[in-house]
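For reference, the structure discussed in these notes is given below.
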């Protein structure tokens, strides 16, 4: 049986973007060694706020900062739990490997504990994704999820394409498969950060999620076009 290969095409435009990002990272990495712990904390807070805001969490940067500092905040209990879970998950990032299914499940368990009935387990029912009461994506049947996610993780481990490209392919394929009953969006953001940080450690502190948050409609449009 042939090894799984996700469908993608690397265009000259994509290669140019990879080169541009590499040059920017080269300049940034010189400064990243002297980035203060305070700035790293601020970037992590921005990451968590943006990732959860995409999923309709109402907490502000100031409220998330307070939670991280162990202070009480007045907010919906569910939103507070989501933030606490995300803080723990991003702190665990260095302990995980992006190609391991056990780590993927452990991350989901941490992100979703206290929020759903069975965190850390692949979904066992079929799901569709809706925007404004309109079906925009019917995810693969639950009976195929275990095979699909295992194939994707094996591909991620074995591929030799540039991590910037591989992480983006993984992100799309992960969201297409929709392996969990809930929490797929925030897991996709977390795992892409993990993949990138395995390539360049400083990327663990880059709040890419803020870009997605501020360009949500464009992000969802591209996802729909790729379907």
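Cβ atoms here come from the backbone N, Cα and C positions, even for glycine.
Curation plays no part in TrEMBL annotations; they are all automatic predictions.
Annotated features in TrEMBL:
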type     : residues : note
ACT_SITE : 178      : active site
BINDING  : 219, 220 : ATP binding site
DOMAIN   : 99-227   : domain 'Fido'
SITE     : 55       : site 'Important for autoinhibition of adenylyltransferase activity'
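Counting in whole angstrom, residue 178 (active site) lies 15 from residue 220 (ATP binding site) by their C-alpha atoms. Secondary structure by DSSP for the domain 'Fido' (99-227): 82 helix, 9 strand, 38 coil. Across the structure, residue 219 (ATP binding site) and residue 55 (site 'Important for autoinhibition of adenylyltransferase activity') place their CA atoms 14 angstrom apart. For residue 220 (ATP binding site), the number of other Cβ atoms no farther than 10 Å from its own Cβ, over all displayed protein chains, is 16. Looking at residue 55 (site 'Important for autoinhibition of adenylyltransferase activity') and residue 220 (ATP binding site), their Cα atoms lie 13 Å from each other. Mean pLDDT for the domain 'Fido' (99-227) in this predicted model: 90.
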